[in-house]
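A.B. asks: Below you will find the structure I want to go over with you.
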C-alpha cells in the first residue's frame with residue numbers, strides 16, 4: 001500500500017477489500033445482470049430479423065452463379081481481353097464444353113442462362129439451346145466451330161464479355177440496374193431514356209410520399225390544434241375519432257376506400273345523385289395516383305396528429321395572450337408566437353409520416369393501379385414474379401438506406417426514446 | 001380558441017365557427033370510411049354501394065348473408081383459425097422477451113445502450129417489404145420458409161419494439177426503491193419481480209402485448225412472402241380477396257375487425273385510466 005499518500009486512510013469493506021475494487025465488482029455484476037435480461041431478446045432479434053436483413057444486403061452483391069456453374073471457363077477467360085474485338089480462342093471453348101457437360105447433367109445451365117438474361121436479353125434461350133446439343137458434340141472437331149454452328153452468338157464478343165463480366169464472386173450489376181445504369185464497353189452509363197424505370201419509380205415514390213406528408217400536415221395541424229386547445233374532457237372524446245382509425249386494421253381501411261372510391265361506389269353514387277357528376281362520366285378515383293394519395297393520407301393521418309398534439313399540448317397559452325395584450329392581432333399572434341413553437345411537432349410528424357409512406361406496399365398495390373405504385377411494389381414483383389432476387393435485394397438496400405437516413409433525422413428531432421404510442 | 005370571448009368581433013366569430021367546421025370535416029374524413037362499411041356489410045345484394053331498398057330502410061334490402069358466408073366458407077374459416085393460432089404465440093414470445101429486455105434497459109448501467117436500442121427497435125422502422133424480402137431469403141436458406149414457426153418468429157420480431165416502448169414508458173415512473181425495500185425485507189429477486197415490480201408495470205406490459213397482438217393479427221406483407229397456403233391468415237385472405245375478385249364477404253370481415261378494434265381501444269383506455277389513478281392523477 002505504498003502508493004497511498006501518508007495521512008490518507010484506505011477505505012475498505014468489512015472483509016478487508018478496498019472499497020473501490022468492491023464497487024467496481026458490484027458495478028460489473030449489475031451490468032452483467034442488465035445484459036443478461038436483454039440478451040434473450042437481443043439474440044432473438046439478431047437471428048430472426050437482423051440476419052435476414054444482412055442476408056438481403058449480401059444478396060444484392062452476391063454473384064457466385066457464373067463461377068459455380070462454369071469454373072473452368074472462368075479461369076480460361078482470364079487471359080482473354082474483350083477490347084481486342086476478337087472472340088476468345090479454342091482453349092476457352094474447350095473449357096466451356098467441359099463445364100457445360102457437367103452443368104447440363106445437373107440442369108444448372110438454365111438457371112445460369114436466366115441469371116445472365118437479366119443483363120443481356122436472349123442469353124437464356126442461347127443456353128437452353130446449346131444445352132440440348134452439347135451431348136452430341138464431337139471432341140475431335142474444334143469446339144469453337146461446333147458452338148458457333150449451334151448459334152452464331154457464341155462467336156460474338158458481346159456474349160463472352162457478359163460471361164467474363166459476371167465471372168467474379170461479387171457484382172455491382174444489380175445496383176447498376178437499380179440505378180438504371182449499365183456497364184458498356186465505354187464504362188458505366190445510364191440506360192437509354194425509354195428503358196429507365198427505377199430512377200423514375202424512386203422519384204415517384206418520393207414525390208407521392210411528399211404529397212401525402214403535406215396533405216397529412218394540412219389536415220392534421222388544425223385537428224391537433226383543436227384537440228390541444230379544448231378542455232381535457234371534450235378533447236379525450238374527440239381523440240377517440242383519431243385513435244379508432246389508428247387501431248383499425250390497415251386492410252379494413254384500404255377496403256373501405258376501395259368501396260368508397262369505385263366508379264360504382266358510394267362517393268360517385270352520391271355525386272351523381274346530387275347532380276355534380278354526370279352518370280356516364282363518373283370520376284375515376286381509384287387505381288391511379290388519386291386513390292393512393294387519398295387512402296394513404298387517411299391511413300397515415302393519425303401518425304401526424306399524435307406527435308403534433310403532444311408538442312402543442314406543451315405550448316403555454318400565456319405566450320399567445322401576452323402577444324395579444326401587446327397589440328398583436330389573432331393572425332400575428334398565431335404566426336409569430338404559436339406556430340414557431342409547434343415546429344418541432346411538425347418536424348416529428350412529417351418525418352414519421354414520410355418514413356412510413358416511402359415503404360408502403362399494401363395500399364398502393366390495392367388502390368394504386370399502375371400509376372400509383374411505389375418502389376416497394378416493384379421489389380415485391382421481383383421477388384415473387386420475375387424472380388430476379390438480386391435486383392430486388394439491391395432496390396431494397398437503396399430503400400433501406402433512404403429510410404435509415406430519414407430515421408437519423410427523426411432521431412435528431414425527436415429521439416427514439418421519446419416515441420409514444422397512442 | 002377553446003371558448004369564444006363575449007367581446008369577439010364578427011370576423012373572429014365567423015372564423016371561430018369556420019375553424020370548427022373545417023375540423024369537423026377532417027374528423028368526418030377520418031371516421032366516415034370506417035363507419036360506412038358497417039351498414040354496407042348488411043347489404044342483401046352483392047354490391048359495394050347502398051341499394052335503393054337500403055336507402056328506403058326496407059328490411060328486404062338488408063341481410064346477414066355476407067356474415068353467413070364468412071362463418072361457413074372454409075377458406076375464411078381456415079384463415080381465421082390460422083390467425084388465431086399465430087397471433088397469440090407471437091404475442092407471448094414478443095411480450096416475454098420484450099418485457100425482460102425493457103427491465104434490463106431501464107437499469108442505470110447498461111453498456112452499449114444506444115446500439116442495443118437501435119437493434120431492438122429496428123423491426124419497427126425498416127419498411128415491411130424489406131423485412132419481408134430479407135426474411136424470405138434467409139428463412140428459405142434455413143428451412144423456415146412456409147412453416148408455422150417461420151411466421152410466428154417473424155411476427156414476434158415485428159412485435160417486440162412495441163413491447164419495449166410501452167414497458168419502458170411504464171418503467172420511467174417506477175420507483176426503484178420499492179425493489180430495494182422488497183430485497184431488504186428478505187424477498188429474493190424472483191419474488192420481488194412477480195410480487196412488486198410486475199403488478200406495477202402490468203398496464204405497460206398489457207398494452208405492449210395488445211400492440212404485439214394487433215401487429216401479428218393485422219400483418220400481411222411478411223406472411224404473404226413467408227407463409228405457404230397453409231399459413232393463410234385473415235389479412236392474407238382479405239388481401240387476395242381484394243386484389244383478385246372483390247368478394248362482398250370482405251365487408252363483413254372488415255366490420256368484425258372494426259368491432260375488435262373498438263374493444264381493444266376500450267381496453268387500452270381503461271388501462272390508461274387505471275395507471276393514471278395509481279399515480280394519483282385524476283383521469284381526464
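Each Cβ is built from the backbone N, Cα and C atoms, and glycine gets one as well.
Annotation source TrEMBL lists transmembrane segment at B:21-42, B:84-103, B:115-139, B:151-174, B:200-226, B:246-268. Per TrEMBL, the feature domain 'ABC transmembrane type-1' maps to B:80-268.
I'd like these features described in context: how deep, what's nearby, how far apart.
C.D. replies: Here the transmembrane segment (B:21-42) has Cβ contacts under 8 Å with residues 48-50, 54, 62-64, 66-67, 251-252, 254-255, 258 of the same chain, all six or more residues outside its ends.
Beyond the transmembrane segment (B:151-174), the same-chain residues lying 6 or more positions past its ends with a Cβ under 8 Å from any Cβ of the stretch are 86-87, 89-91, 93-95, 97-99, 101-103, 105-106, 120-124, 128, 131, 135, 139, 144, 197, 200-201, 203-205, 207-209, 211-213, 215-216, 219, 222-223, 226-227, 231, 233, 275, 279.
Long-range contacts of the transmembrane segment (B:200-226) within the same chain, counting only residues at least 6 positions beyond its ends with a Cβ under 8 Å from a Cβ of the stretch, are 83, 86-88, 90-91, 94-95, 98-99, 128-129, 131-133, 135-136, 139, 144-146, 150-151, 154-156, 158-160, 162-171, 174, 178, 233-236, 238-239, 261, 264, 267-268, 271-272, 274-275, 278.
Long-range Cβ contacts of the transmembrane segment (B:246-268) within its own chain (Cβ-Cβ under 8 Å, at least 6 residues beyond either end) map to 34, 37-38, 40-41, 43, 46-48, 66-67, 69-70, 73, 76, 206-207, 210, 214, 234, 237-238.
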A.B. asks: Using a Cβ-Cβ cut-off of under 8 Å, list the residues of the same chain that are 6+ residues beyond the ends of the transmembrane segment (B:115-139) and lie near it.
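C.D. replies: Non-local partners: 101, 105, 145, 150, 154, 157-158, 160-162, 164-165, 219, 221-222, 224-226.
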